[in-house]
Amino acid sequence: MKTVKEKKECQRLRKSAKTRRVTQRKPSSGPVCWLCLREPGDPEKLGEFLQKDNISVHYFCLILSSKLPQRGQSNRGFHGFLPEDIKKEAARASRKICFVCKKKGAAINCQKDQCLRNFHLPCGQERGCLSQFFGEYKSFCDKHRPTQNIQHGHVGEESCILCCEDLSQQSVENIQSPCCSQAIYHRKCIQKYAHTSAKHFFKCPQCNNRKEFPQEMLRMGIHIPDRDAAWELEPGAFSDLYQRYQHCDAPICLYEQGRDSFEDEGRWCLILCATCGSHGTHRDCSSLRSNSKKWECEECSPAAATDYIPENSGDIPCCSSTFHPEEHFCRDNTLEENPGLSWTDWPEPSLLEKPESSRGRRSYSWRSKGVRITNSCKKSK
């Protein structure tokens, strides 16, 4: 039987061993997040690092904190989260211990009933916790997180559709497509794809499904930004559209300095196609008048000469929706766990209404040089 001294020594050894297992954090050289005590990090995992009024927070830590209300307008504080509320939430989190790293400052708690686990967002991501970016923005620990019924025979036998590398042996690191059951992805690959394509271009890489696929990805904790795609936000992304076409496409160019040279005025002025703007010609190369400013290329001239519009042109589909700019985050407490209730419906094509057919016989008339022709073939001068 152990003595009291031996029991205390065993407890001390167990405590020291437990301390060594805790993730050691390097001393920070810059600002850290008030709600997870970490540095800026990867925006795809933690969101944008926001700094204002001597307060610095990760965007994801801000919207996922369990007791942080959004009481302000979108242009106040941090997307509607007021500084005084953030300070109160940081004070509350300072009393909560993370079940992963065993340190204080855990602002997120598991939303499962009777679960008392709290965790920092980065710690939870390392352990396999899951946070949902819709509705009430709930978070779950690794024991109570939503799961998928992925067939284990696929893991290790197939590769990720996006990166073409082998799938992870851990099911929490893989996500299965709801519309293409044979397609399985790495979680990090889907998150990177969602961060790049954003809401307006996010769809199934296999079948282009834009309804079930985004809803399932939201349920499985993928953050889909409500903004323009990353390639549209790059500086000078549309600079090519502002470049004027500068080439003569006439069959025989008569200009001595070549097809890529032209003058601002006169016979060697470059005239662009009035329909497409992607073809050009010198005035003399196409025998245009000195004051002519309108010209059409061979590809557009037949279409421009067509004046007849068929009666069933109303069957041509067109897009009836318009583009909406980025919207600010707003936490909705009325939505359930189904992401379809908070996911904006993707625009569907609509059909133009067919014009009502006129009753009776139609009357057509043409006027040319004083001659009037009607459907009864009567002529009068």
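Start at 1 and count along the chain as shown; that gives each residue its number.
Keep in mind that glycine also has a Cβ here, set from the backbone N, Cα and C atoms.
The model shown is predicted, which means the values in this text are computed figures rather than measured ones.
Feature list (source: Swiss-Prot):
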type	residues	note
BINDING	Cys110, Cys115, Cys141, His144	Zn(2+) 3 binding site
BINDING	Cys160, Cys163, His186, Cys189	Zn(2+) 4 binding site
BINDING	Cys273, Cys276, Cys297, Cys300	Zn(2+) 7 binding site
ZN_FING	30-68	zinc finger
ZN_FING	96-145	zinc finger
ZN_FING	160-208	zinc finger
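Structure with Swiss-Prot features highlighted.
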| residue | record | Cβ within 10 Å |
| --- | --- | --- |
| Cys110 | Zn(2+) 3 binding site | 24 |
| Cys115 | Zn(2+) 3 binding site | 13 |
| His144 | Zn(2+) 3 binding site | 16 |
| Cys160 | Zn(2+) 4 binding site | 20 |
| Cys163 | Zn(2+) 4 binding site | 13 |
| His186 | Zn(2+) 4 binding site | 20 |
| Cys189 | Zn(2+) 4 binding site | 18 |
| Cys273 | Zn(2+) 7 binding site | 21 |
| Cys297 | Zn(2+) 7 binding site | 20 |
| Cys300 | Zn(2+) 7 binding site | 17 |
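For Cys273 (Zn(2+) 7 binding site), the nearest of the binding-site residues by C-alpha distance turns out to be Cys163; the candidates were Cys110, His144, Cys163. Of all the binding-site residues in the record (Cys189, Cys276, Cys297, Cys300), the one with the smallest CA separation from Cys115 (Zn(2+) 3 binding site) is Cys189.
A 10 Å cutoff on Cβ-Cβ distances gives Cys141 (Zn(2+) 3 binding site) a total of 23 other Cβ atoms nearby, all chains included. Other residues of the same chain near the Zn(2+) 7 site, with their Cβ within 8 Å of the Cβ centroid of Cys273, Cys276, Cys297, Cys300, are Ala274, Thr275, Gly277, Ser278, His279, Glu296, Glu298, Glu299, Ser301. Its Cβ taken as reference, Cys276 (Zn(2+) 7 binding site) is surrounded by 13 other Cβ atoms within 10 Å in the chains shown.
If you take the Cα of Cys110 (Zn(2+) 3 binding site) and the Cα of Cys163 (Zn(2+) 4 binding site), they are about 32 angstrom apart, rounded to a whole number.
Other than the site residues Cys110, Cys115, Cys141, His144, same-chain residues with C-beta atoms no more than 8 angstroms from the centre of those residues' C-beta atoms, the Zn(2+) 3 site, are Asn109, Gln111, Lys112, Arg117, Cys129, Phe140, Asp142, Lys143, Arg145.
For the zinc finger (30-68), DSSP puts the residue distribution at 10 helix, 8 strand, 21 coil. Using the Cβ center of Cys160, Cys163, His186, Cys189 for Zn(2+) 4, the list of other same-chain residues with Cβ within 8 Å runs, in sequence order, Ile161, Leu162, Cys164, Glu165, Leu167, Tyr185, Lys188, Ile190. Nearest to His186 (Zn(2+) 4 binding site) in space, judged by Cα atoms and limited to the binding-site residues Cys141, Cys276, Cys297, Cys300, is Cys141. A distance of 22 Å separates the Cα atom of Cys189 (Zn(2+) 4 binding site) from that of Cys141 (Zn(2+) 3 binding site).
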